[in-house]
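Here is what TrEMBL says about this protein:
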- 24-50: transmembrane segment (TRANSMEM)
- 42-293: domain 'G-protein coupled receptors family 1 profile' (DOMAIN)
- 62-88: transmembrane segment (TRANSMEM)
- 100-121: transmembrane segment (TRANSMEM)
- 142-164: transmembrane segment (TRANSMEM)
- 197-222: transmembrane segment (TRANSMEM)
- 243-266: transmembrane segment (TRANSMEM)
- 272-292: transmembrane segment (TRANSMEM)
Amino acid sequence: WEFNGSFYQPSAFLMMGIPGLEALHHWISIPFCALYLIALLGNCMILFIIKKTQSLHEPMYYFLSMLAVTDLGLVLCTLPTTLGIFWFNMRRIGFDACLTQMYFIHILSFIESSVLLAMAFDRFIAISHPLRHPSILTKTTVIKIGLAIILRGVVSLLPIPFLLKRLTYCGKTELSHSFCFHPDIMNLACADIKVNVFYGMIILLSTVGMDFIFIVLSYILIIKTVISLATKEECLKALNTCVSHICAVLVFFIPMIGLSMIHRFGKNVPPLINTLVAYTYLIIPPALNPIIYSIKSSHIREALLRALRRK
């Protein structure tokens with residue numbers, strides 16, 4: 001502990017694996033390793049295919065590349081501490097290292113939310129204004145959108161580590177997960193955390209919350225456009241281009257909303273449920289997104305098959 005008058009700050013936190021199943025951590029690590037491997041290989045494959053295939057150099061696949069890079073970042077943020085606990089029972093993480101991991105996990109989550117919104121906007125333009133799509137979403141515009149997404153995540157979350165460092169901590173230093181999460185850390189403080197709670201809620205609602213609302217609005221407009229199409233075949237073809245994105249949105253937002261609600265309002269939720277929702281939120285989307293897009297996107301599937309034939 002570091003002592004400075006009445007101010008206490010732990011030198012480290014203790015992370016938690018899966019509560020009640022500590023004796024089975026070595027066996028539990030097997031499916032986790034499989035998910036991490038799928039996420040790493042799958043997202044690298046998506047990036048490689050898009051880079052090497054000239055026909056995929058268009059806005060939809062540029063945004064998919066951003067999604068793949070974000071998913072790789074999330075995997076690399078949580079993999080060391082999660083497998084460190086499962087394999088070696090390495091539960092200790094330094095205070096500053098924990099804040100750094102937390103900061104990047106939240107930034108990447110916010111970036112993923114914004115990228116999904118950008119992909120929804122791309123689908124709306126492609127379906128509602130197909131002739132104007134190339135002129136609206138030029139390569140320069142896509143780069144500007146990507147930089148704006150990164151800047152928004154970095155700036156909006158910058159105060160969070162400093163708000164946590166100002167708090168006094170005492171007693172319990174055990175986190176609920178095998179990674180650092182803002183609500184989890186602030187609940188260990190024995191000081192007034194109203195500012196942290198208020199700022200966290202405002203940032204969450206003004207970024208991820210607004211992203212989700214605009215995604216829903218985009219699909220309402222897409223459905224209105226699709227209904228006006230002449231034939232049923234055209235309608236189904238237009239909707240089919242959105243299936244992958246809809247799956248990615250559901251896979252990301254449902255666990256994220258669930259985890260946020262549990263941390264803020266679910267005081268009586270069993271620790272095991274809390275842990276499983278957290279792992280679902282951070283590990284399942286990076287593993288499933290490459291599979292979803294490989295199955296549903298004929299362009300990616302064909303490019304993958306061509307690459308395998310060349311091998």
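Just so you know, glycine gets a Cβ as well, placed from its N, Cα and C.
Quick caveat, the model's predicted, so the values are computed rather than measured.
A Cβ distance under 8 Å defines the sequence-distant neighbours of the transmembrane segment (62-88), meaning residues of its chain 6+ beyond its ends; these are 15-17, 25-26, 28-29, 32-33, 36, 39-40, 43-44, 46-47, 50-51, 101, 104-105, 108-109, 111-112, 115-116, 118-119, 122, 139, 142, 146, 149, 178-179, 248, 282-283, 285-286, 289-290, 293. Using a cut-off of 8 Å between Cβ atoms, the transmembrane segment (197-222) and the transmembrane segment (272-292) share fewer than three residue pairs, counting only pairs 6 or more apart in sequence. Within the same chain, residues 16, 18-21, 32, 35-36, 38-39, 42-43, 45-46, 67-68, 71-72, 74-75, 78, 105, 112, 176-177, 179, 181, 244, 247-248, 251-252, 255-256, 258-259, 262-263, 266 sit at least 6 positions outside the transmembrane segment (272-292) and bring their C-beta atoms closer than 8 Å to a C-beta of that stretch.
Proximity of distant same-chain residues to the transmembrane segment (24-50), defined by a Cβ-Cβ separation under 8 Å and at least 6 residues beyond the stretch ends, is recorded for 17-18, 56-57, 61-62, 64-65, 68-69, 71-72, 75, 79, 82-83, 85-87, 89, 279, 283-284, 286-287, 289-291, 293-294, 300, 303-304, 307. Residues 67, 109, 112-113, 116, 119-120, 123, 181, 183-184, 187, 197, 201, 204, 208, 212, 215, 219, 273-274, 277-278, 280-281, 284-285, 288-289, 292-293, 296-297 of the same chain lie 6+ residues outside the transmembrane segment (243-266) yet bring a C-beta within less than 8 angstroms of a C-beta in it.
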